[in-house]
Amino acid sequence: MSKRLLILEDGTIFEGEALGANLDVTGELVFNTGMTGYQESITDQSYNGQILTFTYPIVGNYGVNRDDYESIHPTCKAVVVHEAARRPSNWRMQMSFDEFLKSKNIPGITGVDTRAITKIVREHGTMKASLVQARDEVDHQMSQLQATVLPTNQVETSSTATAYPSPNTGRKVVVVDFGLKHSILRELSKRECNLTVVPYNTSAKEILEMEPDGVMLTNGPGDPTDVPEAIEMIKEVQGKIPIFGICLGHQLFSLANGATTYKMKFGHRGFNHAVREVATGRIDFTSQNHGYAVSSENLPEDLMITHVEINDNSVEGVRHKYFPAFSVQFHPDAAPGPHDASYLFDDFMDLMDNFKK
C-alpha cells in the first residue's frame with residue numbers, strides 16, 4: 001500500500017497506509033466512539049465535510065451491505081482507522097470496507113494511532129486536517145491547510161433537491177430534509193405515516209398547503225445558524241401543526257423560539273451517550289452525532305428542558321409550553337445504536353392525534 005499523511009492544523013502529522021479512494025482532501029477532524037455501525041456513520045449526512053476518525057481499534061470486520069445505508073451518497077470527506085479488517089466476513093456482506101470507500105470516492109488512512117488523534121481533539125477541540133499522499137513538500141501542504149476556509153451551510157448539499165413521497169395509509173407527515181437519515185423514514189413508515197419529504201428551504205406556505213398532520217425536522221450537518229430560511233419557516237408553522245425535531249432539527253426549532261446555540265469543543269459522536277429525562281429521571285442510552293448544542297443559559301420562557309446529557313449536562317431535549325412541538329438532540333431512530341428512545345416517535349403520533357381532536 002502507498003503511504004498517506006494525516007496533517008492536523010496544530011502541526012501534528014500521522015503517517016499511515018492508504019485506504020479507499022486516491023484523493024487529497026481537507027475537512028474538520030472529528031471522532032466517533034462507536035464500536036460498530038461504521039457503514040451507518042459514514043453514510044450519515046451529519047458528517048458532511050468532516051474527516052471521521054473511528055476510535056475502535058478495528059473497522060470493517062463485517063464488510064458493507066445493502067441494508068445499512070443512511071444515505072446513498074455519503075458526504076464525509078475521509079475516514080481514519082487504526083486497522084481496516086483484511087478478511088471481513090458476514091452473510092449480508094456485499095463488499096469490503098476498502099471497496100466501499102473506493103466506490104463512494106472517499107479516501108482513508110489506516111495504521112495510525114486513532115486514540116492519540118482522539119486525545120488531541122479532546123484537549124484542543126475539533127480542528128482542520130488534511131489527508132494527503134506522503135510527499136516531501138509537507139511545509140507546503142501545511143501552509144495550504146492553514147489557508148483553507150471550510151465551507152458553511154453543508155445542509156444545501158445534504159438535502160434533497162426536490163420533494164418526493166413515501167406513501168402509506170396513516171397520518172400525513174411532511175419531513176423537512178436537512179440531511180435525512182433513512183432510519184427516520186423507516187420509523188415513521190413503521191407507524192404507517194404517509195410521508196412527503198421536502199427540501200430544507202421549503203417555505204411555511206408550501207408546507208401548510210399540503211395540510212399535513214405533523215412536521216418532522218430531521219438531522220443534518222453544520223451550524224444551525226447557517227439555515228435562516230428554516231428558522232423562519234418553523235416560526236410560521238409552529239402552533240398550526242405538531243412538530244418533532246431531531247438533532248439539527250432540534251437546534252433549528254430552539255433557535256426559532258429564541259434560544260441560542262454554541263459550538264461544542266469536540267461534540268458528541270457515538271452510540272452510548274446517557275441522557276436523563278428531567279420529569280421522570282429515566283436514563284436512556286442514545287445515539288448522537290452533533291458538534292453544536294442549544295444553550296441552557298437564558299432559555300426562552302416558552303421552552304422547557306426535557307432531557308439533559310448526564311456527563312456534561314448539555315441540553316438534549318426541549319418542549320414548547322404552549323404549542324404541540326418538541327425536539328431532541330439525540331437520534332431516537334438509532335441506526336446505529338440503542339433503541340431506548342424510539343418511544344419518542346410514538347409520542348409524536350399521540351401529539352398529532354390529540355391535536356386533531
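Placement of Cβ uses the backbone N, Cα and C atoms for every residue, glycine included.
Quick look at what Swiss-Prot annotates:
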- 1-168: region 'CPSase' (REGION)
- S46, G220, G222, L248, Q251, N289, G291, Y292: L-glutamine binding site (BINDING)
- 172-357: domain 'Glutamine amidotransferase type-1' (DOMAIN)
- C247: active site, nucleophile (ACT_SITE)
- H331: active site (ACT_SITE)
- D333: active site (ACT_SITE)
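Recorded features from Swiss-Prot, shown on the structure.
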{"residue": "S46", "record": "L-glutamine binding site", "DSSP (3 states)": "helix"}
{"residue": "G220", "record": "L-glutamine binding site", "DSSP (3 states)": "coil"}
{"residue": "C247", "record": "active site, nucleophile", "DSSP (3 states)": "coil"}
{"residue": "N289", "record": "L-glutamine binding site", "DSSP (3 states)": "strand"}
{"residue": "H331", "record": "active site", "DSSP (3 states)": "strand"}
Other same-chain residues whose Cβ falls within 8 Å of the Cβ centroid of S46, G220, G222, L248, Q251, N289, G291, Y292, the recorded L-glutamine site, in sequence order: G179, N219, P221, D223, P224, C247, H290
Residue from C247, H331, D333 whose C-alpha is spatially nearest that of G291 (L-glutamine binding site), among the active-site residues: C247
Candidate active-site residues C247, H331, D333, pick with smallest Cα gap to Y292 (L-glutamine binding site): C247
C-beta crowding around G222 (L-glutamine binding site), within 10 angstroms: 26
N289 (L-glutamine binding site) CB neighbourhood, other CB atoms within 10 A: 30
Residue among active-site residues C247, H331, D333 with Cα closest to the Cα of G220 (L-glutamine binding site): C247
When distances run from the Cα of S46 (L-glutamine binding site) to each of the active-site residues C247, H331, D333, the nearest one: C247
Spatial neighbour of the residue listed as 'active site, nucleophile' that is closest, considering only the recorded positions G222, N289, D333 and their CA atoms: N289
Arithmetic mean of per-residue pLDDT over the region 'CPSase' (1-168): 96
Taking residues S46, G220, G222, L248, Q251, N289, G291, Y292, which bind L-glutamine in the record, the widest Cα spacing (Å, whole number): 13
